[in-house]
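**Q** Shown below is the structure under consideration.
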Amino acid sequence: MSNDWQRLSPWAIVFFAFRGLKHIANLYPAFIGVFITAQHFDLGWGAIALYTFYAFVVLVLGASLYYLNFFYIQQGDKFLIRSGILQKDRLELPFARIQNITVKEPFYFRPLGLVILNMDSAGSAQKEVGIAALSLAKAATIKDTIEQYNAARSSEAEMSDTTANTETDKVDPSTKTLLITRSNADIVLHGITHNRAWLLLAFMAPFFEQIQTLLFHVIEAIGFDFATWISNKSVFVITMLFIVSAFFVFFVMSLLSVLGSILSLYDFKLYAGKNVYQRNSGLLNKHEIQVKKSRVQALRYVQNWMDRIVGRLVLILEPFNASSGQPAASIMQKILVPSINDTEFDGLAKHVYPTFALQKDTFKPISKYYLVRKLYMVVLPLFAATAAVAIVSKQYELLVFTPLVFLLMPLFYCRWRRYGWMQCDDYLVVRSGFIGVEYFVFPRYKVQQVKVYQSIFLKRKKLASVQFVLASRAAFIPFMGEQDAHALANNTLYEVEVSGRSWM
């Protein structure tokens, strides 16, 4: 690479503009206030459109200035980045600290053959390096250079530990094995069973009144008097109309979820290299996500109630989370394998953790005291509170409904049935869930902290709760036997101490 500071392609302005738009979108509650204020003062859509145009001009101008002040250079085994408009930043990123490389091909770069190269380094969650508008060949060259450098360092470390293992030097670090693919039918099924489109309704909630007004205006414009029509209908017809409308909304939300699943997971492929896992997917935006094997902290088996009906599940490889205050996905992309069956899960789990085998019938349950505690700490206080409100307000007819709070107990029972734990060689598995089920699998040497909780009431019952804190998340086992809790905690700490293996 050239020894001179390099500027990005002018097309990077588009990337910076979209990134700025994403930051602005995070402030959407403020825009709701602006929209309501504009409606209150009756500024009209023309004024809103004009201000939107001004904001667009400012966005493009800011993206252009950022592009003019962005430079990068590769010096030996490190990257240097200069950026910033008013506040100048200079970032130095050694290859040795790069933990993850992601190649993205957004839809606006695909016709141009350009990509975005993102590099994450240990301890730099807030300073992810993104080099936009690179040619695919140039991005591949940079990526291969970094991978070969880190592979050489790993080989040197192995040779320093032992001279007997000489075959590792003969392995090509760029060689990757295809582990699994997903068909279009699998991706559509994942979109149906994991419907996240309902979040769109929560986003649109502040605008429901405006949407309702707009719909009534449209109905009136076509000459249909909805109020008169509905007033002449029976309760049965109105009920059926409500049910059909609910099914229609559910159908539309499912279509949106399937569309989102196709856009993000189309042409899904999972590869395994010598030191990394790599996921390729995407329809409009092509994503290539790499995670070092050493950074994988845990493996999750996730099966919601719809997955249980169709016999599918989702496997998630959870990487190191560099910031405990943020979700792992915002710092390091998780590797998610959608809509697989138990056999496929066993094969992938064996590749990640060779000596692990999920034996669902060997889990130890938690104590039934969990149900007793929920009865006395949740259900009975809620029953007393609702009864007291009915009596104080002299609405005695509400007392008929107060026993309904006891319907919470079957829900707590389902939760209790899902809790469990098991040990398999050096691995610990925590089971949880409600109607669905989740198995959280992690090597014990990856544990950062172990916390044993025991209140006065639990001590009397000879029970305790244990929490295992990893670099990705925490696993919690409540209301287990006191001896089991302390033995599990002590054995885990012993494994961490004597194994000498790095959690990264």
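Including glycine, each Cβ sits where the backbone N, Cα and C put it.
TrEMBL annotations: computationally assigned, not manually curated.
Values in this document were obtained by computation on a predicted structure and should not be read as measured data.
So TrEMBL lists these for the protein:
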type	residues	note
TRANSMEM	12-36	transmembrane segment
TRANSMEM	48-73	transmembrane segment
DOMAIN	67-146	domain 'YdbS-like PH'
TRANSMEM	197-219	transmembrane segment
TRANSMEM	239-266	transmembrane segment
TRANSMEM	375-392	transmembrane segment
TRANSMEM	398-414	transmembrane segment
DOMAIN	416-490	domain 'YdbS-like PH'
**Q** Check the transmembrane segment (398-414) against each of 48-73, 239-266, 375-392 and return whichever range has the most CB pairs under 8 Å.
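**A** When the Cβ pairs under 8 Å are tallied, 375-392 comes out ahead.
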**Q** Which residues of the same chain, at least 6 past either end of the transmembrane segment (375-392), have a Cβ under 8 Å from a Cβ in it?
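**A** Long-range Cβ neighbours of the transmembrane segment (375-392): 398-399, 401-403, 405-406, 408-409, 412.
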**Q** Write out how many residues of the domain 'YdbS-like PH' (416-490) are helix, how many strand and how many coil, based on DSSP.
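**A** The counts are 20 helix, 38 strand, 17 coil.
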**Q** Could you count the residues of the domain 'YdbS-like PH' (67-146) that DSSP puts in helix, in strand and in coil?
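**A** Helix (H, G, I), strand (E, B), coil: 19 helix, 40 strand, 21 coil.
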**Q** Can you give me the average pLDDT across the domain 'YdbS-like PH' (67-146), rounded to a whole number?
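**A** It averages 84.
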